[in-house]
Amino acid sequence: MSSNLLRDAHRIVVKVGSSLVTNEGRGLDEAAIQEWSRQLAALVRGDESHGGQRREVIMVSSGAVAEGMKRLGWAARPKEIHELQAAAAVGQMGLIQMYESKLREQGMGSAQVLLTHADLADRERYLNARNTLLTLLELGIVPVINENDTVVNDEIKFGDNDTLGALVANLIEADALVILTDQRGLYSADPRSNPDARFIDVANAGDPALEEMAGGAGSSIGKGGMITKILAAKRAAGSGASTVIAWGREQDVLVRLAAGESIGTLLVAQTHKNQARKQWIADHLQLRGSVSVDAGAVAKLRDEGKSLLPIGMVNVDGEFARGDVIAVRDALGIEVARGLANYASAEARLLCRKSSVEIERLLGYSAGPEMVHRDNMVIAGH
């Protein structure tokens, strides 16, 4: 099961901790980042070493604070938030320069994306971040993501990049999250103090016993311990992404995982990603509004599984924002489907009975040809 899951994964989020990209906290490890870049490029290109399947890959990388400390000449990790933010600002320059350089050597384009909790809490910003990342992936670009440490405070921080990796996996509906660390994976107890500790090769990501098995804090270089990785896997499983926790120094670990080799601990999501999203839509009680559609649109939705296009819309009721859950109703007012609105209510009113090719002319921009995409829609009674 574990080998098939990673072998078949098309969209993958990879998270590497500080200890895997720095020289024991003393600045960036150029050779390590070069090696990560080589493996990332192999996955994106679809090298024969892992079956020739092209992947979409996002890298969530720590290391900015450690690099900033080196550039500033600081021997110990600062405790004051403003000093940490200063170190992150200085170090992020070096971190992204290193990835850009090493990925370019592999013939890969890269992009820097800095996120905050506010970006994912606000629905409009969430959708913008999602669409940007999906566009980058379609272009064959490797996004390198980190938290925007310079502008956040403790109340709105993700807390660690394990959590950020899980949230990014949810954001782009990844098939898998790979968390690379300085440990082999998960044990039933701390193997450093318990010789009877048993290695866990596969488990249900939602198993509450996993949190009891996980140990305490991580190293002084980074912030995450095993418990943050378990909680990240649980969060990622909510959108259908399974998680692998593995030793990042394992030779060709990403390429071998993609080839189907069982490495580390696999925490399996019990729900398929499409099922998870559609169940959330179906269970949504607070509908923000609705659109009425003609008989032709009803047939397209029910019988052919098509997306809802503006040309089939007759009327718009209520006030809703882009990304809100709305109902799709027939001429009698009966709910045919519900889904995520791709346009706000004011925009939707302008689009009624219009061809999708007119969207940009009417609105000044286009967020896609659909009012509700079929992947974001649940048909009533199905």
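Any Cβ shown, glycine's included, is placed from N, Cα and C.
The Cβ of D182 (ATP binding site) has 15 other Cβ atoms within 10 Å, all protein chains considered. What Swiss-Prot lists as ATP binding site is K15, T181, D182.
The 10 Å shell around the Cβ of S62 (substrate binding site) contains 25 further Cβ atoms across the protein chains shown. The substrate binding site annotation in Swiss-Prot covers S62, D149, N161.
Residues or ranges marked as domain 'PUA' in Swiss-Prot: 288-366.
Those residues noted as binding substrate (S62, D149, N161) have their most widely separated CA atoms at a distance of 11 Å. For the domain 'PUA' (288-366), DSSP puts the residue distribution at 28 helix, 23 strand, 28 coil. Cα of T181 (ATP binding site) to Cα of S62 (substrate binding site): a distance of 11 Å. DSSP classifies T181 (ATP binding site) as strand under the three-state reduction. In this structure, K15 (ATP binding site) is part of a beta strand by DSSP. Following the DSSP three-state reduction, the secondary structure of N161 (substrate binding site) is helix. Take the CB of K15 (ATP binding site) and look out to 10 A: across all protein chains shown you find 31 other CB atoms.
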